[in-house]
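Everything on this sheet refers to the single structure shown next.
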Amino acid sequence: MKTEITKTTAAVSPVEELDLVRYLDVLLANRRVIGVVTAVTLAIGATYAIITPPVYEADMLIQVEDNGMTASSLLGDASSLFDVKTQAAAELEILRSRMVVGKAVDTLQLYIDAKPKYLPVIGSWIASRNKHLSNPGLFGKGGYVWGSESLQLATFDVPKSIEGEKITLTVLSGGAFQLDNPDLSQPIQGHVGTPLQVTQDVGTFRLLVTELHGKPGAQFILVRNSQPKTVSSLQQDLNITPKGKQSGIIGATLRGTDASLAASILNQIGQEYVTQNVERKTAEAQSSLSYLEGQMPRLKAKLSASEERYNALRNKSGTFNLSQEGTTYLQESVASETTLLELKQKQAELMTRFAPGHPALRALDKQISAVSAKSSSVATRMKALPDIEQNSLRLMRDLQVDSDTYVNVVNNVERLKLVKAGKVGTVRQIDFATIPEEPVKPRKAMVLALAAMIGLMLGVIAAFVRDSLFGGLTNAHEIEQHTGMKVYGTVPFSPAQLTHAKAIHARLPGLHLLAASGPNDAPIESLRSFRTALQFGMLGATNNRVVITGPTASIGKSFVSANLAAVLAAAGKRVLLVDADLRKGYLNQYFGKQRTSGLSDLLIETATIDDVVHRDVTTGLDFISTGALPPNPAALVQSERMTHLLEQLSERYDLVIVDTPPVLAVSDTANIASHCATVFLVGRFKHTTIGELLETTKQLEQANVAVKGVIFNGLDAKGLRYGSKYGQYRYVAYEYDKPGKGKRSGK
């Protein structure tokens, strides 16, 4: 008896279209989840912003003066003898070098880390708000401190093997203290202000505590780090950048939780950098001074020899006046020879400082070649002069060049002495690091804003994950679109049913049927509409039996079966309601009846139909309960007796409504539904899934059972599209006027 499933539209894959309304419904339905996740994330962010120690940033500026190298005049400018153009990249690396940073580490003893013992996470935050000494310990134990405890160490050296390990210092009475560590053979005790030196199996300990503020029992954590590791760590933390291109300004910043210490470290690094620069320039001046002083005797002897040769020529030839052309040659020759001498002397001096092939030496070589060529050109032109004029011109040139050279060397020796005595370098610290007042992180406003954004995002993700894992149907259109089955009725949620549900589960006596207590409630009105659809849907059906079932339990199929049967009976039909759930059926509780005799008794033929039928449980409605729950329900519903029984019941009533177990839980429903012409599935709002409906339909089809359509139960429109719409429809309650009121509700 297989027929085609009633379809409205071709089934469409859920991913084929994006339903914005569906997404909005998911967000609205899970707004509490989103709110809770956002609130929790915001609380975590606020906690982080509050308890995280603030980080401060100190900064300084250094100017690198660039005097340049004037290769054209070694003896005319003393600074050019020892000052080679400073490269910005080189100065950046010098500032970050172990030579500079290491001296700062040693001066400030940054390898010593001595802090009070705080409770993790919140201890330092609590202590920062307490300006007095605290009673140490947590519930009297642990040595944790909560106030203004502090200590100062002048010396702290430990054996190499335990560098980087924690040593606990416990305050004792009378200015005494005790050191503990697992590597110590026994605790070490000492007093404030007294140098301590103790040798144990692991090595020698040296300690001098200059200040100790804390009550007895308070503990401090001491760590003597490796000096190279401390230097390396500080080098990584130090941020050095040039300010602009070729500006000669270098900026340096350092971050830390101690604002005063960060400024002190940065200023010490700046001081060490300036000091090494001065020492380097002083050494260069001394090197140049030594070279020039070594050249002075030779230059003086050369000058004396030139004077003697020139005087000898004058004594021999008398006074001789140069021609205008000779005077010009003399000036050009003197200038060329003087420049050539200066360049060669500078070359000799630079070769003591730089390796062959250095850019400065290559530049000098080119200049020497150019000046030599010019000097040779002048000498060639001088050969055209008379011999006596050539000799006189050559001696006058040698005398003038030697005289100028000697005078310049004497002057530069005096200048270099002044440079050496003045101890002036080419760098200076123009902005000293000051103690920062405002932390750079955490930025509380930004942290809170980011936490709110992340919380909202996680909340939305949680909403969709929750909907994907635990969510269900939200509108009838969704069912029709994705399963192809027609939704014959949509039954809204009724708060009044909650009272009946409690009474049913409590097994209280009496009638607990919404159709009887609230005939005008929205769910009952919806079932009346379904009654009309059912009448047209059963046209051409082979029998008058209707199965109400569903994929899983707790979807309200018993509620639908009982109230639908009552609505059908109220229309004048002779209706029989059968509870065919021989495993967990409880329809009898809707009518305040006991199980006593019922369907199971009919199937085992221990009772007759007249014996088990409860007459007129509501007007026009008869009811057959499950009877005693049998141990073999599947075998009973598969028996021939079940087929004959259903046929007998159909002959007695206009409609037989059969409430069956969930399809996906047991196979009973397929056996019963195969004898019924009309089958409806109940799907519950936000409970039943598309997959469950499809799997239910598949299992029934395998048993040659066709599903007529779906009843969408429990719709709660409050969580959908501002509480009044669902899917592509709008649901509005429309009730009869109540006595004493002149308007309809729900308009």
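Placement of Cβ uses the backbone N, Cα and C atoms for every residue, glycine included.
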Worksheet entry | Annotated stretch (transmembrane segment, per TrEMBL) among the listed ranges 33-51, 451-469 | 33-51
Worksheet item: Do any residues of this chain, six or more beyond the ends of the transmembrane segment (33-51), have a C-beta under 8 angstroms from a C-beta of it, and if so which?
Response: 27, 121-122, 124-125, 442, 444, 447-448, 450-452, 454-456, 458-460, 462-463, 466
Practice prompt. By DSSP assignment, list the helix, strand and coil residue numbers for the domain 'AAA' (555-702), in that order.
Written response: 65 helix, 27 strand, 56 coil
